[in-house]
Amino acid sequence: MGSVQWTLLLLMVVSICNVHVHASDPPLTLDYYKKTCPTVLELVRKEMECAVLSDPRNAALILRLHFHDCFVQGCDGSVLLDDTIDLQGEKEAPNNKNALKGFRIIDKIKNLLESECPGIVSCADILTVAARDAVLLVGGPYWDVPLGRKDSKTAGYELSSTLPTAADGLLSIISKFMEQGLSVTDMVALSGAHTIGMARCVNFRDRIYGDYALTSEVNPISEAYLQNLRSSCPPAGGEDNRESAMDYVTPELFDNSYFQILLRGQGLINSDQELYSSILGIETKRLVQNYAENPPAFFEQFSESMVKMGNITNPETYVDGEVRRNCRFVNT
């Protein structure tokens, strides 16, 4: 075994040893609100239907919010907190700034639930259910969502640095997922969420002016697509927030075409294409091929991995957590 393979194996072993710190079994149940707010799932679904009907891109916004919440302090609604004199939230952290939207959708759902079931449903649970409904409403799979999370009274501005970035190499991506108790299989399946995601120019500039031409198929269609990307994202400065779909084939449909794009070497951001093209990605390459060829396998694993990610809890919230009346601020 070569030195690179030993490094990867060691990284996996070290990460696995720390899994229980982040992903212990949470006290969540499917019927948590059965008596206290029996209409919660129906109300969240109706609001998400309106949001996605008005703009299908809202599905990706809510899914990304949920991901960024769970990777920092666990799924505790901390990403929803605004800055105050006494609290520095996560919204302005470098890995979140200009990347997160959809907060008003969660605000609207929260206001509705406060009218129906005041002080009962946490913002963390709302976001988790809304993310499931977002996926379902654009053609993705359904999964049951365990509930009973509490909202954090703190945020993790500094901890936001642990979020995966577009520039990460494969070892870094694997490490960041394993630190959350998520496996390589979870990582590849959850990356499939990019089938409905958008990326900003600042996050794919290096890719399209770097090794994109080397990994992608040489044909007129691929070359035209690359030129289109470059025309919207100049090589130096300006237009940082111009967006392009990470799945240019079916950007508003949750399907497996994202993985098929990776097979063609056309992944928009580096961290995506690394799953298939990295010389270290023996396992990830196999998974990408499987999900590209077998949509049911992708849907099944994505559902399982979303439950696993959603079960990453913040233990402190079960001692000092709350149900916020307003998702943007801690109760006073």
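Yeah, the Cβs are placed from backbone N, Cα and C, and that goes for glycine too.
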Candidates C201, C327 - disulfide partner of C233 as recorded in TrEMBL:
C201
Taking each of the recorded positions H68, H194 in turn and counting other Cβ atoms within 10 Å of its Cβ, which one has the fewest?
H68
Tell me which of the recorded positions C37, H68, C70, C75, C233 ends up closest to H194 (heme b binding site) in space, Cα to Cα.
H68
When you rank C70, C75, C123, C233, C327 by Cα distance to C37 (disulfide bond), which of the disulfide-bonded residues ends up on top as the closest?
C123
Length of the line joining the Cα atoms of C201 (disulfide bond) and C123 (disulfide bond), in Å:
31
Can you tell me the CA-to-CA distance separating C123 (disulfide bond) and C75 (disulfide bond), as a whole number of Å?
10
